[in-house]
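Notes to accompany the following structure.
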Amino acid sequence: MSPSAPSGASAAALPAVDAPWRRDPAALRRTGLVVALLALLWPLLVWCEFRPWELLDERSLRATMRFAVQFLTPRADAEFLAMLAADTWRTVAMATVGLALAWVIAVPMALLATARLSISALTGRMPAAPAALRWTVRTVLVVLRSVPELVWALMLVRVIGLGPGAGVLAIALSYGGMLGKVYAEILESADATPTQALLRGGAGRLQALLFGTLPGCADELVSYTVYRWECAIRSSVVLGFVGAGGLGQQLDNATKMFAGAEVSSILLVFMALVALADRVSAWLRPSRRSSPARGAHGLHDRPPVRVGLWALLAGLLALLIASFASLPLRWGELLGPGALAQMGRFLNEFFPPQLAPAFLLRVGQGALETLAMSALGSLLAAVAGLGFALLASRPSGPVRAVSRLLLNALRSVPELVWASILLVSAGLGPMPGTLALALHTTGVLGRLMAEALENAPPQNAQALRWAGASRWQVFAYATLPQAAPQLLSYTLYRWENNIRAAAVLGVVGAGGLGQMLSLHLGLFQMQETCTVLIAMLALVMLVDACSYAARRKLNR
């Protein structure tokens, strides 16, 4: 017998020693967590009016089947497709112009918000005036990005009227805050040595920026800007639901008319647009262009970097000029004295906020409903996303391909679009909003979780397989514990995003603070609107803080 071969007695005892899943020391703790989760789940179900069995009653089934029959036969006549083509271009143009204006807002604010280019910061003694200015700019950036672009659009439509102008300015304000914050963080995290050397040598802030800071972080700045352009295309579709035009407005009209064939065609065009934007965005990012792939004959599949860079700049310039030229933006009316005076009157009507106890109680109930929608939607998505991730992380095969295709389809459709479709069968209220959050977030989390499972170290799983554990035991006691911190971190991060989405789903009748906001804005009750907006901002910041603290604890 080989010395390495175990004897019969020791082989029989091996599973008892090397199989920890047979005696789970954490079973009691896991049971307690499950009980606590179920206790938390019950009030969430009540607040969200989550009664999915109502989808199976006769009236809902009849409406769903009638809509589904039409949905399976997309409208494809020449007149309708020509209209879709025009609205698709309008959607892309609105996103492009909005992001260009956001960049104009973000760059100076990012330069003011960062201390990296401050000469006084080199001495460690920052004067009070620059410190106060930097704090003020950072606060403005927080407010700009904390208000969802749909809320900006709702308010701007009341000031400048329907049309793409409100959508463009909404993207500019919201994305200006996002770009400014991230630009400042990128500049702060860059290598400080070249910048400080230039400043100590007598260079000005502009010289230090151009020759000290930018060379080390230009690729990251461009990459994030291109990514935000891709996100702006999704946002411009959603803004159509409040009268900003484009594909979103056509989709809103079609769902209100229960025109399933038109909804199907618009969704197919929208998903194709998102997929195309995703591909173009991936190609444009410097990290992709700087590592050219080689073809079968050793030739570069992409043009050289210098040629590709000039082609990129020319294409972006042409897109920007065409976008500005094609949109009916009346800049004199948008930025003229009349518009500014009207904006001033509009803002003046916001104050003071409505603080009547009865109204504050209603706002509190709306905030609880919004919080419950985001939490339950995230929880359902985490469970469903993990199930899809198990299929999507399998070795190559049809199951993996179909799972990833379905996940891409789920995440390509924004939450507001899902909510407007689900209203057909679920009716008004928070339940369609919860389901919409769950569907979209399942697509996002499923993809992220699949990548986390694939990247888990394989050694522990391999050891359990050699010890005779089943496939599910290997997953439960090796793969899942290793990937769990990352999975929980992803879920908490998506909860941060979902609280923002849940706050605006009420625009289409899906409950929560968004429904109150849409109602009071429509009635021009600005003091009530101000109170609802304050509640939205407070709720978003509270969830952000809780999620950030939990993720920091997980990543320790």
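Note: Cβ is positioned from N, Cα and C throughout, glycine not excepted.
Where the annotation comes from TrEMBL, it is an automatic prediction and has not been curated.
For 31-47, 92-114, 150-173, 257-277, 307-327, 371-392, 416-439, 502-526, 532-550, the entry in TrEMBL reads transmembrane segment. Marked as domain 'ABC transmembrane type-1' by TrEMBL: 88-281, 367-545.
Away from its own ends, the transmembrane segment (31-47) comes close to residues 368-369, 372, 375-376, 379, 430 of its chain (Cβ-Cβ under 8 Å, at least six residues beyond either end). Note on the transmembrane segment (416-439): residues 47-52, 54-55, 60-61, 63-64, 67, 150, 237-238, 241, 248, 251-252, 255, 258, 263, 267, 270, 369, 372-374, 376-378, 380-381, 384, 410, 498, 501-502, 504-512 of its chain, located 6 or more positions outside it, place their CB under 8 angstroms from a CB of the stretch. Across the candidate stretches 150-173, 502-526, 532-550, the maximum count of CB pairs under 8 A to the transmembrane segment (92-114) is reached by 150-173. Remote same-chain partners of the transmembrane segment (257-277), defined as residues 6 or more beyond its termini with a Cβ less than 8 Å from a stretch Cβ, comprise 63, 66-76, 80-81, 84, 88, 91-92, 229-230, 233-234, 237, 247, 250-251, 408-409, 412-413, 417, 421, 424.
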